[in-house]
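J.: Handing you a structure now.
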Amino acid sequence: MTTSSSGSAVIDMENMDDTSGSSFEDMGEMHQRMKEEEEVTAEAAATEEDNGEYGEFLGMKGLKGQLGRQVADEVWQAGKRQASKAFNLYANIDILRPYFDVEPNQVRNRLVESLIPVRMINFPQKVAGELYGPMMLVFTMVAILLHGMKTSGTVIREGTLMGTAIGTCFGYWLGVSSFIYFLAYLCNAQITMLQMLSLLGYGLFGHCMVLFITYNVHFHSLFYILWLVIGGLSTLRMVAVLISRTVGQTPRLILCGTLAALHMLFLLYLHFAYHKMVEGILDTLEGPNIPPIQRVARDVPVVANAVVNATIKSIAAVVQSQ
């Protein structure tokens, strides 16, 4: 008798002896043994199936645990990298060092050159590729504008005077530079964003001079003269640079006209946005506006009439007696 892996028993008839003396008791024991083997085999199969399911469950839990550890490790590494960047400020400053590495005499020369337009359109004029001078000029304009706000009694309901001054100056510098650079890209002008920031930043030197003078000594004629002379020179300097870097009459007209209008109008805005101070200074210099004195007819009191009548009668009596 042999037992297969499927749990069924097969009797080998060739090896059985007919004269072995088998009886019904032997056949019953054999059947009982086969039944027990089938039950054992069934229990083993059920155990293997349960173990497989439990193993799969344990594998899923292990996979989840591994993913969790991996995510936690990634978060830790990311936080570590951010902390390293935050503490390595010197390395981050080195990235910006070329844009602020300039000598004081170079800044002085560029400030003077910002008021001297050069008529050279055959070759592109050089533009400084640094941000130290322009940023210092913007901060200087912030201080001048803040001084004008305080002396004019400006009240900001939402925000502060410092925030308004910084937003106005830096907003003009960055916003107009980006807009002009976009127009230059459309007009195929040969200028980069860094050069545009430097060019417009140095162009604010004339605005700082005009505002500093007119905020302290105000005369309408003086402001308009400085606006045309100093503001016009700084604007012409930028226009000349853009003309030398742009090809075509129409692109030059669009680009340079837009820049000149924005630059000159911004100076007018900074001056007349605080007209309260201007009116106060004019009242101090010219005196208050007092209306002329006019003669008004008034009623004479009764007592005065009586005194006048008595005086007249006394005079008449004296005259008659003589």
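Heads up, the Cβ atoms here are built off N, Cα and C, so glycines get one too.
TrEMBL: automatically predicted annotations, no manual curation.
What TrEMBL records for this protein is below:
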type	residues	note
REGION	1-41	region 'Disordered'
TRANSMEM	131-149	transmembrane segment
TRANSMEM	161-184	transmembrane segment
TRANSMEM	196-215	transmembrane segment
TRANSMEM	221-241	transmembrane segment
TRANSMEM	253-274	transmembrane segment
J.: Out of 131-149, 161-184, 221-241, 253-274, which stretch has the largest tally of CB pairs under 8 angstroms to the transmembrane segment (196-215)?
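T.: Answer, by Cβ pair count: 131-149.
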J.: If I count Cβ-Cβ pairs under 8 A between the transmembrane segment (131-149) and each of 161-184, 221-241, 253-274, which range comes out on top?
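T.: So the stretch in question is 161-184.
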J.: By Cβ distance under 8 Å, which residues at least 6 away from the ends of the transmembrane segment (253-274) in the same chain are close to it?
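T.: Residues 145, 148-149, 152, 154, 168, 172, 176, 179-180, 183-184, 187, 189, 200, 203, 207, 210-211, 214, 223, 227, 231-232, 234-235, 238-239, 242-243, 246.
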J.: What residues in the same chain, six or more past the boundaries of the transmembrane segment (221-241), come closer than 8 Å to it by Cβ-Cβ distance?
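T.: Residues 113-121, 125, 127, 199-200, 203-207, 209-210, 213-214, 256, 259-260, 263-264, 267-268, 271 contact the transmembrane segment (221-241) from elsewhere in the chain.
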